[in-house]
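Please read the structure below before turning to the comments.
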Amino acid sequence: MVKTNWTVIYNFIFLGFSHYPKVEVIISVLCLLMYLITLLGNIILISITILDSHLHKPMYFFLSNLAFLDIWYTSSALTPMLTNFVSGKNTISFSGCATQMYFSLAMGSTECVLLSTMAYDRYVAICNPLRYPIIMNKRVCVQIAAGSWMTGCLTALVETVSVLQLSLCGNSTINHFTCEILAVLNLVCVDTSRVQLIMLVISVLLLPLPMLLICISYAFILSNILRISSVDGGSKAFSTCAAHLTVVVLFYGTALSMYLKPPAVDSQEIDKFMALVYVGLTPMLNPIIYSLRNKEVKAAVKKLLIRNSLCAFLTPSS
């Protein structure tokens, strides 16, 4: 194979799901629906948490961050895929591929950290409610959120730069629907052990470690819930945590199966479907799960709809 650097290859070609033409059409339609629901759900969630003063709490501050993150995360992966499907080109430029790889890694890494901080927030709220306003004050919440974003962006930068320094084999066909880092590494014809080591260290720090912290938090939360004498109080706390835990299992489960699988296991087709779960399905479910299972959010939506209806009714038509 002839070695080339990244700048020599002007465009990359996505194989996507072209091996399954009929399935590709169905997947594209489903991805479009997931993307539209993700945009609508997360924008509504962000708007509600801003407009309703009762939702100006740490939990909804982190939830707004998650919603904003999910919009960018899904857009970075699904928008180019849907555009290519409509145009029929299935190509992406070098700069576009590098940008897409960075944003996907940055948003995914940030979500790993953010989900663990949300679990800590629930732990403090349920296990130490009297000191909750003091521990999770506005300054601390901003610092935690900023730390999550910085961690995700910096680790993504390290991984992206490490890959871009490697030489390619002259092959410009990516067996994926996005510039996913593992799929791009398959185009490299030099030793990738250093990059794989970097990715392994980062993956361990961002996947099993946060998940362990989440499990510990929920162990304390569950123990505390079982001691709650009020049935309504225990049910409300358990409902809130169950929603968060559902998202965690979906997101971390698929990511763990992708990035910490044995090197000998090469399952490109399975990886594509796994990627659809954490870049499409999970961001779509986030606002649905939190909205449908949260009484405060549902109350805020009803109040907002009633207020808008009254304003429209009382406003004289020209």
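Glycine is no exception: its Cβ is also placed from the backbone N, Cα and C atoms.
According to TrEMBL, the feature domain 'G-protein coupled receptors family 1 profile' maps to 41-290. If you look up TrEMBL, you'll see 25-48, 60-82, 102-120, 140-158, 197-221, 242-261, 273-292 marked as transmembrane segment.
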Cβ-Cβ under 8 Å with the transmembrane segment (242-261): same-chain residues at least 6 beyond its ends: 108, 111-112, 115, 118-119, 122, 182, 199-200, 203-204, 207-208, 210-211, 214, 218, 267, 271, 274-275, 277-278, 281-282, 285-286, 289-290, 293-294
Recorded stretches the transmembrane segment (140-158) and the transmembrane segment (25-48) touching, at least 3 CB pairs under 8 Å: no
Across the domain 'G-protein coupled receptors family 1 profile' (41-290), average pLDDT on the 0 to 100 scale: 84
Same-chain residues near the transmembrane segment (25-48), Cβ under 8 Å, at least 6 residues beyond its ends: 17, 55, 63-64, 67-68, 70-71, 74-75, 78-79, 81-82, 85, 276, 280-281, 283-284, 286-288, 290-291, 297, 300-301, 304
